[in-house]
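A short write-up of the structure that comes next.
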Amino acid sequence: MTTTTAPALPPVPTGPAPRSLAPDVARGLLLLFIAVANVWVYLEGPTGIGHRPEGGGPDRVTDGIVALLADDRSRPMFAILFGYGIATMVRRLTEKGLDDRTTRRIMRRRHLWLIALGLVHSALLFGGDILAPYGVTGLLAMLLVHRSRRTLLMWGSISVGLMLLALTALHVLAAEQEVPEVDGYLGAMVMNLISSGTSVVASAVLLLFLSQVVAGVLLARVGWLDRPWDHRSVLARVFWWSMAVNLVLNLPWALAVARVWTPDGATLVVVTVLHLASGLVAAFGYVCGFAWWASHVQGRRRHPATTAATAALVAVGRRSLTCYLLQSVVLAPLLSPWGLGLGAQMGTATATVLAVGVWASTVAVAVALERAGRRGPFEVLLRRGTYGRGGTLVRAAP
């Protein structure tokens, strides 16, 4: 749909606009999930299901808890919020009077910049980057953002089927293989780029994250995150039911990762499918749960930053790209073999505590930037890549 605009309109300002509390709180908490779900990638040692290195009792308990609550839940959560962000940004650009062609060009630039940032992030620091796959998925999502709910649900269902097939095969094969060792930083760069490139291609061909992005677009349409106080009862029901589903369906996988039992063959395939499918349910439930909690905080005081904790989460959410990349900036040199190599000497319990500490340090950075009235540096970079150096969009005459 195109919107007719009057000629010679003034530039569109791109300064800070009022934001809903719920998405920023969700992003802030999500980054904690990402930190604890990703830190094990840097560790070394013989591994089993879930690729955790063997460890003692505290490590196994930690492995089970993280596998139950965070593994293959943080990525879908991020994708849901990414889809919500796409729909929200498209709506705001349209409200500013931009036509569909201009809006698509802006969003295309944004997603291409995300792909570029992701590939650089992967090469330099972390092969499990999610920015590049999400950038590719964003390009695909722009083909659907204005389509009917029925069309979105159809493509979302196709994406779920393809994702379950692909990731189940990947998990089952990975359970039987050790992570290959690489020599030096250059070798790590090559391996990371191969991993990231494979993920980008798979995301485009197999639509790995499209279903979650579609869920985010639908969330934006119904207003659950924009006006969570109007939807508290349904948000609460979705959260608690999704947590129950996650507990029942994902517990076998979590116990396997904790080495309580060892499924194989067809049993491993079934357990893996249940783990991945419940991850989609849990991710949606987490987003709804964070929104439900945020609505209560916001409703009591009628102000977005009612407590220090809430204000801190909002600050992180507004700088989620910077805080996500900062996790790798700290963890990769500390734990990787090409850095200090502490990952070779660390169990998962200690590494999880470290991950929480790193997340807390990014919270401190975000709060400092908030108090200074500054955006995150990578938000600024992405904004300039999207809108240009001037920070404004000039609306062209039709």
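Each residue's number is its place along the chain shown, starting with 1.
Positions of Cβ are set from backbone N, Cα and C atoms, glycine also.
Unlike curated records, TrEMBL annotations are generated automatically.
TrEMBL annotations:
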- 219-388: domain 'DUF418' (DOMAIN)
- 25-43: transmembrane segment (TRANSMEM)
- 114-145: transmembrane segment (TRANSMEM)
- 152-174: transmembrane segment (TRANSMEM)
- 194-222: transmembrane segment (TRANSMEM)
- 234-256: transmembrane segment (TRANSMEM)
- 268-293: transmembrane segment (TRANSMEM)
- 321-340: transmembrane segment (TRANSMEM)
- 346-369: transmembrane segment (TRANSMEM)
Intrachain residues whose Cβ lies under 8 Å of the transmembrane segment (346-369), provided they are six or more past its termini: 28, 31-32, 35-36, 38-40, 42-43, 52-53, 55-56, 58-59, 61-63, 66, 311-313, 315-316, 318-319, 322-323, 326-327, 330-331, 334-335, 375-376
Whether the transmembrane segment (268-293) meets the transmembrane segment (321-340): three or more C-beta pairs under 8 angstroms: no
Among the ranges 25-43, 234-256, 321-340, the one whose Cβ pairs under 8 Å to the transmembrane segment (114-145) are most numerous: 321-340
The domain 'DUF418' (219-388) [mean pLDDT, rounded to integer]: 93
